[in-house]
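Database features (Swiss-Prot):
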{"type": "BINDING", "residues": "Gly80, 83-84, Thr88, 90-93, 108-116, Ser120", "note": "5-phospho-alpha-D-ribose 1-diphosphate binding site"}
{"type": "BINDING", "residues": "Gly80, Asn111", "note": "anthranilate 1 binding site"}
{"type": "BINDING", "residues": "Ser92, Glu226", "note": "Mg(2+) 1 binding site"}
{"type": "BINDING", "residues": "Arg166", "note": "anthranilate 2 binding site"}
{"type": "BINDING", "residues": "Asp225, Glu226", "note": "Mg(2+) 2 binding site"}
Amino acid sequence: MIKNAIKKVVSGQHLSEEEAGAVMEQIMEGGASPAQIASLLTAMRLKGETVDEITGFARVMRQKSTRVKSKHPVLVDTCGTGGDGAGTFNISTAAAFVVAGAGVPVAKHGNRSVSSRCGSADVLEELGVRVDLDREAVEECLNMVGMAFLFAPLLHRSMGYVAGPRREIGIRTVFNILGPLTNPAGANAQVLGVYSPFLAEMLAKVLARLGVSRAFVVHGAGGLDEISLAGPSILCEVRNGSVRRGLLDPARFGFRYAPVSVLAGGTPRENAAIALKILEGERGARRDVVVLNAALGLVAGGKARNIAEGLEIAALSIDSGLAVAKLRELVEFTGNLSCGEAAVR
């Protein structure tokens, strides 16, 4: 299958969703050589991936993941693509605690640093959260705490087949955008930040195809894969299978514009300190951007009827102490798990 797919893509033709899924199945089962995988990924990058192709890949990757079960009817994920090169602190990770603090269950999917100095797993570890949990421990955490971190390398074992080819070709491929589309807990509400404005509507259409109930796919002013304060951000809303594209202007909600530079992060320790200060109530542009992004998560999760109400609830989550309390609860719960509940690295 993969040989035919390579020939088709090299000739400039697109794969159907079914063809892409069949190729992904072959890759995820170890049936493709590293050279074939590298050739396909490079050819797809040069041609440009389509909604059909990304959907086919994501659907199979979801099926091959280690599935995490939850008692919650609604789960929010705030995982973005990364790759914006802006070097900001971990905005979506801080926003996840604000959403969870407001009572909306969060299944935060993420990894260690790939395209930045600090990934979500890195900053969570600095905050004291244990991330190396097996499926049963993640499920218990999600059901008891109402928030859990889903560490991608432990829940997407089949991705090991593509790690070598991706590393060796050293270019951005479709796999750079599959992570946020393949939450192992099947999160049905999302805030997904993308590094390119071109990807916003495309990935929104993919989420709609995959059956996500409510989502916002965003590309921030200044090139961020988050809603930013630098100006109006692209906002694509997924709702009931349809996609609506628009802009979110922070000034409309009373926020002052601020350059991306004021959101600068650093090492995992520095980013953890920034996140903790925000959750403890420090005011300023960094809090504002977290509240904005959390508001979208609250709307997607059904807690807020609109962005304005989401902003009020997000601010209350911080000011009431509930957001930082959720962090402390997660730290305590994961720290008390027995060694047997940690996955082998």
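Each Cβ is built from the backbone N, Cα and C atoms, and glycine gets one as well.
There are 29 other Cβ atoms within 10 Å of the Cβ belonging to Glu226 (Mg(2+) 1 binding site).
For Asp225 (Mg(2+) 2 binding site), the nearest of the binding-site residues by C-alpha distance turns out to be Gly80; the candidates were Gly80, Ser92, Asn111.
Classification of Asn111 (anthranilate 1 binding site) by DSSP places it in coil, neither helical nor stranded. Put simply, of the binding-site residues Gly80, Ser92, Arg112, Glu226, the one whose Cα is nearest the Cα of the residue listed as 'anthranilate 2 binding site' is Arg112. DSSP assigns Asp225 (Mg(2+) 2 binding site) to coil in the three-state reduction, outside any helix or strand. Among the binding-site residues Gly80, Ser92, Asn111, the ones whose Cα sits within 10 Å of the Cα of Glu226 (Mg(2+) 1 binding site) are Gly80, Ser92, in sequence order. Residue environment of the residue listed as 'anthranilate 2 binding site' contains 18 other Cβ atoms, counted within 10 Å of its Cβ in all protein chains.
Recorded residues Gly80 (5-phospho-alpha-D-ribose 1-diphosphate binding site) and Asn111 (anthranilate 1 binding site) have their alpha carbons 11 Å apart, per Cα-Cα distance.
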